[in-house]
Structure formats: C-alpha cells, structure tokens
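*Asks:* Just lifted these from TrEMBL, have a look:
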TRANSMEM  A:28-47  transmembrane segment
DOMAIN    A:81-261  domain 'ABC transmembrane type-1'
TRANSMEM  A:89-109  transmembrane segment
TRANSMEM  A:121-139  transmembrane segment
TRANSMEM  A:145-166  transmembrane segment
TRANSMEM  A:210-233  transmembrane segment
TRANSMEM  A:240-261  transmembrane segment
C-alpha cells in the first residue's frame, strides 16, 4: 500500500523543520562560543594596553602570540615542544600498558590481588608528585625521572579501573568458554580482555590528561628542556609573556592529543 | 542401541559452603538417562536443577557420589557434552559466524570443513544470510537459535538445556521448542532440560522428573505416554491425557511446597 502524497508531505515537512531547528541551535551555540573567545582575548588585550592589569604579570594577547610566532620562527620552541610531547606520549601509552598488564596479573592470580590491595589503596591515595625527589635521585634529572613521575600518576588508577572492568564481565560469558573446555588463557583473551576494550580505551583517554600533569610537574622539578621548564624559567626571569605563551601552546597541543585519542577510541570501539 | 547410559548419577550429594554456613543443596540424587532420551527436570527454584546440569557438564564436582557420562567419571568439561544457557550470551564483538565457531576454536577443531558444516547448520535453522551480522542485529529468538547452533557445532551427543526458552516471548518459545525437539531427534541426541514451565516439560520430554528443595531430592518421576511423546511439542499440548498429566505433575509440585510450609 502506498501512502497518498497528501499524507506524506506534512510528515516530511515536520522532519525538515526538525532538522532546521537542530541546525539553527548548532549555529547559535557555535556563535556564542566564538563570541566568548573573541571577547576574552579582546578584553585581555584592552586591559593590558590600558594598564588596567599589571602587564608584567599578565602580559596581553598580541605580545603572547608574537612570542609564540618568534619562537617558532627562530626554531627555539621545537626542542621544548618535542621533548614534552614525547614524554607525554610515552607516559600515557606506557601508563595504560603497564596498568593493564598489572590488572591482568592480579586477575590471573587472585592471591596477588588480595595481597596487593592495601598497597595499591595507599599508593593511590598519595599525592604522587610528592615522590618527585625520589624519582630524581633514582633515575637522574631527565627523561626517565619525568616518565617515572607520569607513570606514578597513571599506572595504579589504570590498574584499578581495568581490573574492575575485568571483574564486571558477566560470568555467563565465561561459562560459555568453560563448557567448551576453554582454559584460563582462553577465558582471558577471548572474553575478559576483549570485553574490557572500551574500559581500556577510556583509561587511555583519561591518561592523556594525567600524563600532562605528570610531565609538566616532572619538568618543573628537573629538566633543562620542555614546556614545563619554559614556564618555570619564564617565572624565574619574570618573563610572563613566555609563561602565558607556553600555557597557550600546552592548551592547543593537549587538546589536539586528546582529540586524536578520542578519535582512535571511536574507531576501535 | 548400547546399554551404557549416557548419564548416570549415583547417590550424588552437593554441599555449598559460604562464609555464613554450609548448606546441603542436593541430597543423594540418583538418575539415569539413556541414549536418545529427552528428560526434563522440574521443581521449585533452589531445588538444585542447575547444579545437577553443572555437575554433568563438568563445571562443578559433586561433594560425594558418582557422576558418569558415557560410563566414565566426569573430570571436567568434555566436547561430548553441550550446554545451552538461559540467554544466548553471544559475544557482541564477534560476528554470528565467529560466534557459532567458538566451540570449534576452543577444542582445536576449527577446520574449513567443520566451519562450513556449522554455517550450513545456521542455514538449516533458518538463519541464512546472518553469518556476517553481529548479535545485536538479530531478534531474541534468532539469537537463541544461533546459540543452539553454537552448541551443536562441536557435535556433542548430550545436550544440557538450562531453561533456554525462559527469556523468550511465548510464540518464539513454542517455535523454538519444536525446532529443538526436531533437531534432537534428527541428530539423535540425548537431552536434559531444566525448566519452570510444566507444560513445556511434558510436551517435549520422554520423562519428567519432579525435584523438591531444601535439600534437593528426586520426588517423583513421570513417564510421558507415547501419544504425547510422538507429537510435535506444539500439538502435544492438544493430545488426550495431556491435561490430566499436567494436573498430576502440578499436584506433585504443589506438594513439595506444602511440605515446606
């Protein structure tokens, strides 16, 4: 049976209307976001130029972007950016990997899970940054100490999250494997690990944010290179334009990295 | 037919131990299932029906007594025993084809030939063109049929059916009952069905065993008359004597509950 044309048109037009409304809302939201951004920078610029705020402390956008432009042109920013991005990537990948391995280990060996439980709780409650001096002493002031700081922040929380996801897998899926005579490794690879992909991918995303904390703090403490170092350096020589320009860079690079991982997550899910 | 029973339980006891207490779940149950038989276990929840299936499947060891399949003591899961759960539990990340082949994969028999045979089984169950789909794209009845194919893929000769129809709507359930009984007959399988549904138990089985709980024991056994047995489950419900039998089984079940209160 075909619907008469008259009956179809109002329905289609309702759908069109709905789509247009959604589109309009999207545009209004984006417009508002843009206005806020422009207003913020404009206000900052005006406030700086008219000396409403202390330029020495807060700088203003045209100086900041000039600084970024110059640093890029003369190439002085790249080693810092490269070092920080490298440390962050190593940090969140390694953090997720080690955290998942540890989760697999305590899933496999329940006795270990029981024994390690209080240690993990204590370690997880600690402000890991406080361990910074130990890492510097242990690994020397450099790349290793920074990565270690990052891992101290990411590994345990990853372990706890992924282990919980392992345990939340419906035991009936495990039963399906067991009735066919599947062994523990079959249960792990074919069910537990596979069912936890979404959880692992989402810890990967969380770890991007945590890795940035670890890397910047690590660089504050030890390094001679990196964006965290630039912030501390700018602070010490009272060059706040440098501090601000570094913060802008971090915001941009961290967002790009997060979006890349989020994209990866959507693809792999 | 060989006279070795497919399943033999001798004075089997199962005690569950928890932090609070140790409870006697099953008390000296003896049970024999012969080749080609379709036996149903009915009883109030907590009478140990699923526990019995788990012991036969080798997922659980009895506390005392003997559990034998094909005359040998059950040590662990065996490829000759298939198990169907209350829900399909198909892996959502696997295609239907990969789901039905999981048993072959786990028992190391995944050859092109057996894979083809399994995919052909899918077609026999009216599931052609679903092989490359994912479980969420199928209806509940179709998914449970996929689960049946998954169980049959490794060619077990004993099937343990743990309320496989309970999550389905009534119409789908009736269709699947017919399909399973027909499949069992066609492939000459032995089956043990656990169910809450008395009319289902009578319609599909050769024998119905009523269990009581606290502790689980065999209360009574009903042999289903030929007329009902030979009819398709859907029509068995219309056979002469069906209603009377239903009432008799019902009374036994009621009696188990009266015994407790």
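Our numbering is plain: 1 for the first residue shown, then up by one each step along the chain.
Even glycines carry a Cβ here, placed using N, Cα and C.
What TrEMBL says about a protein is an automatic prediction, not a curated fact.
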*Asks:* Based on Cβ pairs under 8 Å, which of the stretches A:28-47, A:121-139, A:240-261 lies most in contact with the transmembrane segment (A:210-233)?
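*Replies:* Between the stretches A:28-47, A:121-139, A:240-261, A:240-261 has the largest tally.
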*Asks:* Can the transmembrane segment (A:145-166) be said to touch the transmembrane segment (A:28-47) if we require at least 3 CB pairs below 8 Å and skip pairs under 6 apart in sequence?
*Replies:* no
*Asks:* Hey, which bits of the same chain come close to the transmembrane segment (A:89-109), Cβ under 8 Å, at least six residues off its ends?
*Replies:* 116, 146-147, 150-151, 153-163, 166-167, 184, 188, 192-193, 200, 203-204, 207-208, 210-211, 214-215, 257, 261
